[in-house]
Amino acid sequence: MRTSAISLLTIAMASSLTVATPALADQWNLASPYGDASFHTQNTKQFAKDVGEATDGELTITVHSGGSLISHAEIKPSVRRGTVQAGEIFLSTLSNESPIYEVDTLPGLAGSYADAYDLWQASKPIITDLFAKEGLMPLYAVPWPAQGIYTDFELTDASQFEGLRVRAPNINTQRFVENLGGIPTQTEEADIPTAFSTGRVDAMITSVSTGKSMSAWDYVSNYSDANLWLPKNIVFVNKRAFDRLDDATQKAVLDAAAKAEQRGWQMSKQDSAESAKALESHGITVSEPSDALQQQLKAAGQKLFEDWQARAGDQAQQLVDRYRERQAQQSQ
Ligand code: PCA
């Protein structure tokens, strides 16, 4: 705690110096909750490197990974205040702010990378507006591989969720667990190993990537590749910090962000395949849900979707309609 407070103070002082001397090179801090083992962090570090190179060091971005500078929940408020200039978060953790932030955690809506990309294209304008209202600007978004279910037994029937304590990374996953009869707990990725070793959770829902980086084989034996949804991380910046940059530097940031988005989607696909293999090579049994289980998961998902529809306002509904129109056009 103390170290973070001191580093934040140092950052605040450094930022105010930068403001006083705008002709000098600028330095940004970017806070992320995810560790260096994550492909997301590797991508974001590459983005920072690209910006430094493209601007000849006019703008350097330091990535503080693994929640080392700011905890996950505090990243967006900190970027809004300008304590740090940029951040990366798991987008659906904002679902308590608007049902719009839930769309990439709705089952049955976008179950492939191509569909998830269409959904992001349909969401981008609305999310950009919502962020703008808070003085923030999205730079890029990258999905995690599809979410599946980790257990320490073979999952064959939804009744096995009864009384099971299941770790979830966001509210919709918690609701989904509840719909299945389980007991959800929200746990940050970095806290997964402790949650299992202290017996606070028995199972978890996440991707193969997180399963690999958190060494899931130390505490579970099975992974059910349920392909629930492909939720995204978003990287964003304080708009005032961005506006202070000269035109060429702004362009360099946007260009590097576009490249990071493209690269990130590729990295996610590749990591999905590699991490699934890594799980197996460490002894985890990876399987697809049986038809019966699939039906049960579908029913729990359907309830999630219907509850969302009841909560979602016009704007969120329109987003889904726009996404479905894009899909219909493409299949013609
Ligand atoms: N990993 C992160 C978010 C989704 C994912 O696949 C987590 O489980 O916290």
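Don't overthink the numbers, they just go from 1 along the chain as shown.
Each Cβ is built from the backbone N, Cα and C atoms, and glycine gets one as well.
Given the structure is predicted, the values throughout are model-derived calculations rather than measurements.
Region 'Disordered' is the annotation TrEMBL gives to one range among 261-284, 309-332, and that range is 261-284.
Across the compositional bias 'Basic and acidic residues' (271-280), the DSSP tally of helix, strand and coil residues reads 10 helix, 0 strand, 0 coil.
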